[in-house]
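Only one structure is covered here, and it is reproduced in the block below.
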Amino acid sequence: MKNLRNRSFLTLLDFSRQEVEFLLTLSEDLKRAKYIGTEKPMLKNKNIALLFEKDSTRTRCAFEVAAHDQGANVTYLGPTGSQMGKKETTKDTARVLGGMYDGIEYRGFSQRTVETLAEYSGVPVWNGLTDEDHPTQVLADFLTAKEVLKKDYADINFTYVGDGRNNVANALMQGAAIMGMNFHLVCPKELNPTDELLNRCKNIAAENGGNILITDNIDQGVKGSDVIYTDVWVSMGEPDEVWKERLELLKPYQVNKEMMDKTGNPNVIFEHCLPSFHNADTKIGQQIFEKYGIREMEVTDEVFESKASVVFQEAENRMHTIKAVMVATLGEF
């Protein structure tokens with residue numbers, strides 16, 4: 001699709017349904033080619049910068065493996081690896097990197113930062129995550145749902161449970177609206193998305209034959225779901241008062257077997273962008289348990305480890321979908 005050539009991937013709202021479907025189909029094709037050994041490098045001799053203000057396992061590995069598979073060279077700049085925002089403006093960093101690299105990935109805090117990189121670098125820029133959005137994650141989520149459920153995207157009943165304001169919830173709602181899905185956002189009223197984003201997504205959903213429901217009623221929200229999705233309730237670095245308040249608000253929205261059963265769908269699947277606090281077996285998980293007495297947070301270990309959980313297939317699909325984004329915007333077809 002020539003109209004994706006040289007375009008940045010900052011938010012799904014920049015793309016039409018046809019374009020998102022193209023990226024998902026390309027993801028399937030590239031995944032199949034990798035599995036059977038027929039993959040052709042379409043990013044040969046391309047140089048890609050990975051600019052990370054926030055550390056990551058899946059996003060970094062997905063971009064690096066995808067780039068190497070496609071013949072590209074990668075430079076990783078971690079949280080202390082560049083002067084952007086410290087000794088150099090984002091605008092200046094964009095122009096420096098744009099002169100050396102063919103594409104730039106950014107994972108960090110501000111959506112405005114990734115937009116500035118795209119505006120001034122002169123090369124495709126890909127959003128690996130900001131506080132407001134996470135578009136590459138959603139491509140992996142949707143591809144996984146289609147693979148497992150064997151349904152067209154528009155026929156999937158997709159439900160997000162938890163903090164309705166966070167970047168993953170925002171991105172999922174955008175993607176579901178574009179793809180014409182039936183999307184439910186189940187969250188406390190205090191954690192609803194902004195009216196501006198909600199209204200925009202509802203309008204897009206209506207244009208594509210989809211539907212968006214926001215509710216704090218768990219029974220109503222999860223009924224008939226094909227996918228139950230959640231994310232962490234709080235982020236490290238947020239003050240203790242925020243943790244305490246958020247935990248109290250979200251305790252009833254923990255994804256557990258009872259919630260999965262309430263869907264009434266024996267084939268419902270569970271998705272999560274990871275990492276997940278489903279037990280106290282990590283350093284942070286142990287700290288949460290010691291401070292708040294909570295061993296399992298947004299999802300129980302029972303659900304996380306169940307047959308319904310597709311989180312590791314979903315994690316692998318980060319690489320295939322990210323590869324599709326890079327190939328579509330930078331590759332030589």
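Yeah, the Cβs are placed from backbone N, Cα and C, and that goes for glycine too.
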*Annotated companion of Ser56, Thr57, Arg58, Thr59, Gln83, Arg107, His134, Pro135, Thr136, Gln137, Cys273, Leu274 at the carbamoyl phosphate site, Swiss-Prot, chosen from Arg5, Arg7, Arg200, Arg318*: Arg318
*Length of the line joining the Cα atoms of Ser235 (L-ornithine binding site) and Arg318 (carbamoyl phosphate binding site), in Å*: 21
*Taking Cα atoms as reference points, which of the binding-site residues Arg58, His134, Arg318 is nearest to Asp231 (L-ornithine binding site)?*
His134
*Measure from the CA atom of Asn167 (L-ornithine binding site) to the CA atom of Thr136 (carbamoyl phosphate binding site) and give the result in Å, rounded to a whole number.*
11
